[in-house]
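Noted in TrEMBL for the protein shown:
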{"type": "DOMAIN", "residues": "41-290", "note": "domain 'G-protein coupled receptors family 1 profile'"}
{"type": "TRANSMEM", "residues": "32-50", "note": "transmembrane segment"}
{"type": "TRANSMEM", "residues": "57-78", "note": "transmembrane segment"}
{"type": "TRANSMEM", "residues": "98-120", "note": "transmembrane segment"}
{"type": "TRANSMEM", "residues": "140-162", "note": "transmembrane segment"}
{"type": "TRANSMEM", "residues": "200-225", "note": "transmembrane segment"}
{"type": "TRANSMEM", "residues": "237-261", "note": "transmembrane segment"}
{"type": "TRANSMEM", "residues": "273-292", "note": "transmembrane segment"}
Amino acid sequence: MEPWNSTLGSGFILVGILDGSGSPELLCATMAALYMLALISNGLLILVITMDVYLHVPMYLLLGQLSLMDLLLTSVISPKAVMDFLLRDNTITFGGCALQMFLELALGSAEDLLLAFMAYDRYVAICHPLNYTIFMRPSICWLMVAISWIPASLSALGYTIYTMQYPFCKSREIRHLFCEIPPLLKLACADTSRYELMVYLMGVTLLIPPLAAILASYSLILFTVLNMPSNEGRKKALVTCSSHLTVVGMYYGPLTVMYILPSSYHSSKQENILSFLYTIVTPALNPLIYSLRNKEVSGALKRVLGKRLLPTHPTF
């Protein structure tokens with residue numbers, strides 16, 4: 001095939017999960033509902049963590065950053081997918097595709113790193129409680145936040161620029177929910193084998209070390225918790241850690257399949273489903289997982305909303 005003109009004026013056609021579904025209307029409604037749930041739940045969690053002074057501690061600072069990343073990530077994907085389906089227009093400009101890819105890579109990579117820092121926070125809180133204020137002082141917390149955002153954004157920028165410089169063939173159809181590296185490379189006319197190896201190494205670098213740190217942290221936590229004399233302390237620690245591990249499993253599972261397993265092990269349809277899970281389902285469920293079983297968040301939510309809803313009486 002001859003390469004088509006992949007300039008800023010050119011575009012692609014996104015043929016995603018809605019187009020290949022047997023019930024696209026139902027799936028579109030589900031996607032819209034999950035997006036609204038993510039918008040409201042993450043927005044509320046960010047509001048509560050910001051407004052309630054009792055939540056101004058390292059664990060909730062990191063949780064607030066996670067909610068912000070989830071809110072932005074699903075906003076990059078869901079509204080366009082829903083509007084494309086409703087308007088019957090699946091096109092995306094070359095620049096729009098590059099921007100979507102950059103934001104998805106930056107936010108996804110930042111969340112990978114942040115989840116590892118959240119596991120470290122729980123490790124210090126449970127295994128070294130007397131040194132918690134030293135190891136998790138504000139300067140360290142903000143350094144963790146910066147390390148999550150800055151390297152992820154720089155890496156995403158480099159990979160986006162390199163991916164979009166390829167000449168693409170006449171077929172403009174990206175068989176994916178959004179612009180992501182693996183499906184886009186299938187349209188390239190040039191040899192992408194070396195670059196695919198680079199993408200694989202990126203996946204290994206960004207996923208395996210944080211995941212190893214998370215598993216090590218929670219292994220040490222489990223050992224400490226099982227030796228706790230207090231049943232109440234043991235239960236509280238297990239509830240908090242089980243919430244974290246649920247989020248880790250929901251997020252790292254699909255990403256590991258997408259970026260670490262060879263492409264021959266999964267089809268375009270499976271890639272669509274995996275992307276749907278970590279960009280739409282997970283951001284909607286994360287705040288529920290953290291808040292429903294967390295009395296501190298539930299109490300803070302009541303305090304913040306109670307202040308907003310209380311009537312103001314005139315003073316005489």
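Cβ from N, Cα, C; glycine included.
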Long-range CB partners for the transmembrane segment (57-78) (under 8 A, at least six residues beyond its ends), listed in sequence order, are 31-32, 34-35, 38-39, 42-43, 45-46, 49-50, 100, 103-104, 107-108, 110-111, 114-115, 117-118, 121-122, 125, 136, 138, 141, 144-145, 148, 177-178, 247, 279-280, 282-284, 286-287, 290, 297
Which value does the mean pLDDT take for the domain 'G-protein coupled receptors family 1 profile' (41-290) in this predicted structure? 87
Using a Cβ cut-off of under 8 Å, list the residues of the same chain at least 6 residues beyond the transmembrane segment (32-50) that approach it. 56, 60-61, 63-64, 67-68, 70-71, 74-75, 78-79, 82, 280-281, 283-284, 286-288, 290-291, 297, 300-301, 304
List, by number or range, the same-chain residues at least 6 past the transmembrane segment (273-292) whose CB is under 8 A from its CB atoms? 17, 31, 34-35, 37-38, 41-42, 44-45, 63, 66-67, 70-71, 73-74, 76-78, 104, 108, 176-178, 180, 243, 246-247, 250-251, 253-255, 257-258, 266, 298, 301
